Structures are given as C-alpha cells and as structure tokens.
Amino acid sequence: EAKFAISQLSKVDRGDDTDTVKFSELLHCHHSKVVFIGSTLFALQQLSGINAVFYFSSTVFKSAGVPSDVANVCIGFANLTGSIISTVLMDKLGRKVLLFWSFFGMAISMIIQATGASSLLLNTGALYLSVGGMLMFVFTFALGAGPVPGLLLTEIFPSRIRAKAMAFCMSVHWVCNFLVGLLFLRLLEKLGPQLLYSMFATFCMMAVIFVKRNVVETKGKSLQEIEIALLPQD
C-alpha cells in the first residue's frame, strides 16, 4: 500500500512551489481543465436563478396571499431540510450523483414555475404551481447544487493551486450572483416570468449536461487518485 501511494504521488508531483503559483498559471494546460470545471459549476449554480429566488421569493408568496415572514420560514425550512438530507447522502450516493439530480430537479421546478406563470391556468392553480415550484427549487438546490461545488472543488484542485483556484472560482460565483440580483427585476419586467423562468430552467439543464460530461466522482478516492484522473492525457 505504501509503494502504491508513493507511485501515485510521483505521478502528480511536478515540483511546483505553492507559494510561487501565479494566477496566469491557472490557465496553463495542466490546470485549465479543473479550473474550467470549478468556475463553470459556480457560474451555472448562480445562473440557475437560485439567488433571485432567495432575494425575491416573498413577492411570489405575497401574490399568493402568504405573509412575508411565513414565506421566509417556508423557504428557510426547505433549504435546511435539503441541506440535512444532503449531508447524509453525500458520502453514500456520491458528489456527481447529487449534483446531477439536483440540477435536474431544479430544472423541473423552474418549468413548474414557468407553467404557473402561464395565463392559460386559473389563478388558484397558477399560484399553487408558483409557490410549490419555488419551494421544490430551493429544496433540490440544497440537495446538491448548493453544498456540493464547494466540497468538490477542494477535492479536484491540486494542493499547489488550490488557494488561488478557489479564489478565482469564488470570484466568478460572486460576479454572477451580483449580475443575477441586479438584473432579475428588470428582466422580469421586460421578459415576463414565463420566459425568464424558462431561461433559468435552460441553464439548469445545461448544468445537468455539464456535470454528466465533465465532473468526476470523488467519493472514496484519495486526492492523488482524483488528480491523476483529471490529468491531461499525453
């Protein structure tokens, strides 16, 4: 076992000094794949519309006759419940499985909300779909798309670039967060809820495809095994 571990370490050892890694080196061919995976995951997480839901959920609930304080409690309960279940399932099902089905569930939830925003439905049915879709969206987000990227990225980034790579990915996260929060109400007014929610559902489905094609399962693997699996093929 010791010889096998040493051989793994020798495969990923490039003699790099963590303290001298520059931001420009994150785009080097050796590291570009993992940085691309990390930054894209965080971008898709925010472009799914999750923070627009958190910021403006009380408006949707208010239109359904639900007071803002009750709305916040409902959203918080859905988020907390999903997070607790995620902690139980993360090491049983794996990171990739949770990410995949979480984004898929978010896409379905957004489709439900878009349907609720349709003028073809009666007012009561539309409100039930909007509120139910929103709670389902938050719950499925908390199952995987919320907690998994932060854990997954620390596992796939080599130790010598981990700090700067995480800083870069978190910058992408907060820039996308800022843009979604800034533009949501304007887009809602210009495009209407049905089209905007459909766009969010599209981003969720893009995330499903991205996770399927690019994310590797890290459950039960050492950091060296993960790094070897992500090394560019010579």
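Positions of Cβ are set from backbone N, Cα and C atoms, glycine also.
What TrEMBL records for this protein:
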- 1-219: domain 'Major facilitator superfamily (MFS) profile' (DOMAIN)
- 34-58: transmembrane segment (TRANSMEM)
- 70-90: transmembrane segment (TRANSMEM)
- 97-121: transmembrane segment (TRANSMEM)
- 127-153: transmembrane segment (TRANSMEM)
- 165-188: transmembrane segment (TRANSMEM)
- 194-211: transmembrane segment (TRANSMEM)
Given the transmembrane segment (70-90), its same-chain partners at Cβ distance under 8 Å and 6+ residues beyond its ends are 53-54, 57-58, 60-62, 98, 134-136, 138-144, 146-148, 151, 219
Stretch with greatest number of CB pairs under 8 Å, the transmembrane segment (34-58) reference, 97-121, 127-153, 165-188, 194-211 candidates: 165-188
